[in-house]
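One structure below.
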Amino acid sequence: MTIPTIVGAGLIVIGAGLGIGKIGGSAMDAIARQPEASGKIQTAMLIAAALIEGIGFAALFAG
Amino acid sequence: MQRKTLGNILSIFILLASFTMQAETVSSGEDSGDLKSEIKAYISHHLLDSYDFGLYSYTNDQGGHEYVGFPLPVILWDDGLKVFSSSKLHHDEGVAEVGGNLYRSYHGKIYNVTSTGGELKMDDHHHPENRVHLDFSITKNVFTIFLVSLLILFVFSRMAKSYKNSAMPKGVGRGLEPIIQYIRDDIAIPNIGIKKYKRYMPYLLTVFFFIWIINLLGLTPLGINVTNNIAVTLALALLTYLFTTFTANKNYWGHIFWMPGVPPLMRIVLAPIELLGTIIKPFSLMIRLYANITAGHIVLMSIIGLMFIFKNWLGSSLSFFLAFALSLLELLVAALQAYIFTMLSALYFGSAVEEHHDDH
Amino acid sequence: MEKLINEFSFGLFFWQLLMFVLLVILLGKFAWKPILSAIEGREEGIKDALDAAEKAKLEMANLNADNERLLQEARAERETMMKEAREIKAKMIADAKEEAQAEANKTIANAQAAIESEKKAAVAELKSTVATLSVDIAEKMVKSELSNKDKQLELVNSMLNDAKLN
């Protein structure tokens, strides 16, 4: 593994982490606001997180 | 109260750091470096498929490796069908002579070494040459796939039979039924729609239970590791892709090739992007499952390996608890990845059979 | 990426694909179909039972309402019957009273008429008797008084005066 690859991987992880963190935080807010819709919010949150994660992994492996 | 806990954690870290430094100084010796590379080799070996079902191995008094397990059949298509027992390969150390050809295994792959007289010839990238690509061997992973398939078939057909006598299932079925209902009510119906979900139910249920059980098996000390093979996740993702493509309606293709509601020029630009999107979706399914399970295994095994590197009671016990906590997390991940795969498959199926809406 | 392609094992892919397709088909036939239909059947059963219970409840309510209505009707009928009876009674009493009154009046009238006629008869008889008597008396008086002329006249006068009274 060369240094640019490692740095790139680190950047990807930071970006993906921030993205998933934002999704999680927003989902928490949404659940706090509307606890009765928590099931739907959770599903949407998981899908969005999974999509970002997928992109993160794809970039990581492409590197 | 919180500050106190924080202080405690901090002091533990400082202690740990000092111990690690001690360990660092020890590891400057040759012995520890060997251990590190050995752990690394062990982890990469664990992640690979193997031709025999090894339960564990140890080094005997003479310094040789002893393996405990049983051999599996090797099936090759290389100048005709070649079938032989994996015991002939002697765990990468022996040369198997079958039908006038010589074969050797190296890091989970089989190479034809007839031309070199039994020796592996490395190319520029340090990969051996003459790999046998049409390798249909019943490897450890294939064997596990058969085993899990049989297990699932047995459990669920029994569960199906138990409905004949009573409205409620018996035994394990009682615990599995809510999961089936959950997949139907919370994954299939909301994503695909009440009209068409029935066609996809067998696939969704099978894919969920298959991935879940095989992920859980990966957490047992058997050292089975199926879903961290790109071939396995590719097969699953490909099935999702094919199922989506062949059941898609006019509306789905219309959205890809001639996106409604946008100017004609944009439609031409969007078509290749949308078409690429249909391939990226299953591709991300494949990578996600593969990467999650692989990363989980690497991290877990590295932390277990840390126990042997620390060589002091505090570091080792801390790594033990870390490994323990991570195993619990992996239990969650095993189910979560199965859920995500099923969920996203259902989402893609849903987009394939979505009816035309007039609102755009 | 290169590592991934290098790691890819066609055999594993082949077996996984084959096994999985087989598994989906077999499970679909022998497990998922009966399980899902059993679950659906059970849910249908529960729904039907709930519906039936709801229906029964509704029927019960209807029945209760019917009963109530019948009771109400019966009560109303009884009320009217009682009222009628009371009216009839009152009427009968009134009629009886009236009749009795009429009868009494009639009797009284009859009695009065009889009394009147009796009285008239008595007066007539009395008159004739008085006349006879007067004639007799006069005869006697005349017989006796005629001897005395003044006395005779006086007597005739007084007698006439007396007779005029009647």
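Heads up, residue numbers simply count up from 1 along the chain you see.
Glycine is no exception: its Cβ is also placed from the backbone N, Cα and C atoms.
Just so you know, TrEMBL annotations never went through curation; they're auto-generated.
Here TrEMBL flags A:8-60 as domain 'V-ATPase proteolipid subunit C-like'.
Shown in sequence order, A:ALA16, A:ILE20 are the residues of the chain, 6+ apart in sequence, with a C-beta less than 8 angstroms from the C-beta of A:GLU53 (site 'Reversibly protonated during proton transport'). Taken from TrEMBL, the feature site 'Reversibly protonated during proton transport' applies to A:GLU53.
What TrEMBL records for A:6-23 (among others) is transmembrane segment. Counting same-chain residues at least six beyond the ends of the transmembrane segment (A:6-23), those with a Cβ under 8 angstroms from any Cβ of the stretch are 45, 48-49, 52-53, 55-56, 59-60, 63.
Annotation source TrEMBL lists transmembrane segment at A:44-62 (among others). Counting residues 6+ beyond its ends, the transmembrane segment (A:44-62) has Cβ neighbours under 8 Å at 8-9, 12-13, 15-16, 19-20, 23-24, 26-27 in the same chain.
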Would you report the average pLDDT that the model assigns to the domain 'V-ATPase proteolipid subunit C-like' (A:8-60)? 86
